[in-house]
Every structure is written in structure tokens, then in C-alpha cells.
């Protein structure tokens with residue numbers, strides 16, 4: 001945050017918007033609003049909300065006289081810099097400038113102006129303001145969100161359909177008699193007159209009315225709606241000018257771990273933003289080579305990649321500042337009391353998420369070079385993100401660069417990369433096969449009982465790890481395709497992602513039929 005903000009002239013005006021406010025109402029109340037999707041269920045009760053409080057009439061009249069976009073705060077934000085604008089959840093804001101991740105706005109409550117994180121607000125009178133609406137989320141991610149620990153049976157969300165542009169789907173978390181959790185999906189269909197329905201037996205004028213109805217009774221759905229899916233807190237946009245930062249701006253708080261090349265800490269940037277800091281031991285790599293690679297790394301931005309925020313290179317040790325992931329590395333998580341109880345479907349899902357991140361790296365013609373569970377991080381809602389991509393290329397430690405040295409990850413590395421230094425996306429695919437072994441065995445070391453030298457010799461002769469206990473044959477088949485001797489015979493990450501995403505759903509219908 002800070003000086004990254006736009007210096008454009010204020011007042012990029014659009015059309016006049018009618019900013020209708022919404023406040024809780026009882027389930028037996030009816031509200032007639034212009035927006036067909038405007039009735040909003042409360043997160044703390046089984047009743048959907050909507051309507052205006054009398055004290056807000058003046059604000060509403062003022063809003064109607066404003067030209068330009070009106071936004072509603074969907075998360076609270078505390079101002080950090082002098083030119084930031086702090087606001088409370090639900091506060092209404094007039095957008096003055098839209099520029100990147102930071103917008104200039106004026107609060108219609110406090111009349112103050114300043115810069116706001118654009119991902120903390122949504123345009124008024126759109127579904128994006130509703131707690132139950134999840135924008136730009138795939139069917140698979142809807143399942144991941146609903147099956148996160150914070151949710152329970154009856155949690156639900158509305159999302160845009162992936163296959164039918166302009167239409168919507170309802171996803172609901174369900175649990176069967178055996179206690180197995182699953183997510184059911186229902187296609188929301190539209191009438192010619194603009195109404196909505198899941199079953200033609202009953203139609204609704206807007207999606208809010210539909211949600212209100214299914215709070216009261218399941219009426220053919222797998223169960224009644226209970227509460228909107230828990231939304232992860234929005235990530236504050238990083239100050240785009242804060243790339244090479246001062247060491248003094250970082251306050252180390254808790255050591256999270258140590259490896260061959262340094263330590264990992266939970267820290268705060270400018271005493272406000274929680275981050276992870278990787279410190280590199282002096283001599284691990286040159287600042288110049290690191291900066292060259294880091295400038296490439298920061299351009300790679302995807303939901304399945306840990307975001308690189310900033311660096312400290314002027315004084316050793318080098319600091320790498322990234323987003324913080326509360327569950328640490330996937331390797332440590334799989335060995336933890338919680339992780340070791342994760343069932344096979346979630347293990348497959350971890351694999352699919354990593355394949356998705358690697359498919360993005362593949363698409364960008366980049367190479368990871370050190371793919372393993374130790375370099376994958378896990379969020380509070382059990383989402384995986386790939387870390388340390390590309391970093392291995394600039395390590396200068398002799399015990400690493402020799403490739404047969406003690407610090408080199410022999411057991412994860414493709415034969416052609418060990419023998420000839422030929423690192424490609426296909427050598428990453430070999431490593432991915434070993435990573436699958438780690439996941440399915442809850443973090444066991446690959447090639448158990450074998451030394452690095454024995455692994456190199458055996459693999460050259462055609463040896464491959466046998467199928468682990470409790471590993472489905474279909475998953476082992478994927479692993480063995482990753483370990484094909486010829487790199488070109490190995491699959492693409494895009495293909496592997498599709499196989500893993502559909503591991504359990506290939507024979508299921510896309511949508512549930514209402515009973």
C-alpha cells in the first residue's frame with residue numbers, strides 16, 4: 001500500500017446507479033427491490049435479509065444524486081497509510097478512480113476520500129454484494145470451499161455456471177447416513193419473463209426469493225439451506241511499488257522451520273500485513289542472479305501459486321517475502337495430527353490442485369525444478385499453493401550444483417536432469433509422480449530404505465517404486481506415466497489436472513436432479 005496509487009484525475013464517471021440498501025428482515029417479510037437477486041440471507045440466522053432502515057433514507061437520496069459507480073464494502077478495511085480510506089463492512093462508497101488493485105473512493109458515510117483495495121468492495125445492486133454469491137469460482141473450487149472445515153451440512157453458495165455463460169448454479173454441502181460429506185450441484189434455470197427455478201414445479205421472481213424458500217424447506221433439494229459458505233478473508237493487495245524493501249520494514253515474529261538453505265518465518269510487513277519470510281544463508285546465491293529470477297517469478301500469479309510480494313537483497317541474508325499460509329508445508333501437514341486423518345478424496349484433491357498450479361507454470365513456459373511436498377504450502381481452508389518455483393536454478397551451493405551432492409533432491413529428480421542437467425517441464429512431471437507418492441503415503445520419504453546412489457543406479461536400470469498400500473490402481477497408473485524414461489512420453493500437466501479433477505466424477509452427472 002502507500003505510494004502505488006493512481007495519480008489520474010478523479011471522477012471517471014459512469015451511469016447513475018440506484019444504490020438500494022439491504023438490511024435484515026424476518027423470513028415472513030417480503031421485499032420488492034429492482035435487483036432480482038437482492039434478498040440476502042444472514043450469516044448468523046436461518047433467515048434471508050433485505051430492506052431499508054428509516055435512518056438511511058437521507059443517505060439513499062444523496063446516493064441517487066451522485067454520478068458514477070457506487071460500491072459496497074464486503075469486508076472491513078483499516079487504513080494503513082495517510083492516503084488510504086478505511087471503512088466498515090457494509091459501508092457505501094462512491095468510486096472516483098479505478099486503477100489496478102487500488103481504487104480512489106469517497107465514503108458516503110464519513111465523506112472522507114482515499115484509496116481502497118478493490119477486492120474488498122463490490123458494485124451496488126449486483127450479486128457480488130451477497131454473502132452467498134461467489135464470483136469467478138469453478139465447480140471444483142466450489143466443492144473445495146464448501147468442504148472446508150469452517151462449513152457444515154446445509155452450507156451453500158451461488159456461482160456462475162462454467163458451461164452456460166449468464167446462468168447460475170447452486171452448490172450445497174450434504175452428508176449421508178454414513179457421515180460422508182459431499183457437495184451437490186443444482187442448475188438454476190431461467191424463464192422467458194426473467195424468473196428463476198431449479199424444479200419447474202415452483203418458480204421465483206429472483207434468486208433471493210429462491211434462497212428464502214429453500215431456507216424453510218428442502219422441497220426436492222438434498223437438504224434445507226442453513227448458511228452461506230464461509231468466505232476466506234480477502235487478501236490485501238500488495239503495495240506494487242514495494243518490491244525491494246528495507247529489512248527494517250519486516251518484523252520477524254515466529255520461526256516456522258529451517259532447511260538446507262535458510263529459515264522460514266512468520267512476520268509482519270510495516271507492522272500490519274502478515275507475511276512469510278524465507279531467509280537465505282549467505283553464499284546460497286548471488287543477489288544479482290536471484291533478482292533476475294525473482295523478477296520473472298513475480299510475474300507468475302495464479303490461485304495455486306504462492307504469491308511473491310517483495311525481496312530484501314541489499315544486505316545478506318537475502319529475504320524473500322511471500323503470502324502467509326497458515327498450515328505450513330504440505331509435507332508437514334500430511335504428517336500432522338489433522339493431516340494424517342485426511343481421507344483419500346482429499347488427497348486426490350491436493351494432487352489436482354498442485355497439477356492445476358503446474359499446468360499454469362507449463363502454460364507460461366516456466367520450470368519449477370524442485371517440485372515436492374516440502375515446496376507446496378497449505379492454507380487454513382486446505383487449499384494448496386506451489387512455492388519456491390524457479391529458485392533452484394540460482395542456487396550456487398556446491399553440494400547442490402554437483403547434482404549428486406548431499407543437498408540435491410535426487411529422489412525427486414528425473415534421470416535426464418541428474419545425468420545431463422536437462423531440466424524441463426517434463427522433468428517437473430517426473431517429480432510430480434514422486435510427489436503423488438508422498439501424498440498417498442502421508443509424507444513418507446520416497447524409495448524407502450534406499451540411498452541416493454542406489455536410487456540413481458536402480459532407476460537407470462528401469463526400477464520404479466511399487467504401488468503403495470491403499471493407493472488406487474488408477475492413481476498408480478498416473479504415477480508410472482510420470483516416470484516414463486523418455487521425457488516426451490510423459491503427459492502434460494494440463495492433461496493430468498483434468499484426470500485428477502475428474503477422478504471421482506467422471507461417471508457422475510454434471511448436476512443433481514431435484515426430487
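Glycine is no exception: its Cβ is also placed from the backbone N, Cα and C atoms.
According to TrEMBL, the ATP binding site annotation covers 278. Neighbours of residue 278 (ATP binding site), defined as other CB atoms within 10 A of its CB across all chains, total 22. Under the three-state DSSP scheme, residue 278 (ATP binding site) falls in the strand class.
For 39-48, the entry in TrEMBL reads compositional bias 'Polar residues'.
The annotation domain 'SH3' is assigned in TrEMBL to 66-126.
For the domain 'SH2' (132-229), residue counts in helix, strand and coil come to 18 helix, 31 strand, 49 coil, using DSSP. Residues annotated as domain 'SH2' in TrEMBL: 132-229.
According to TrEMBL, the feature domain 'Protein kinase' maps to 250-504.
According to TrEMBL, the region 'Disordered' annotation covers 1-51.
Note on the domain 'SH3' (66-126): DSSP counts are 3 helix, 30 strand, 28 coil. When pLDDT values are averaged over the domain 'Protein kinase' (250-504), the model yields 90.
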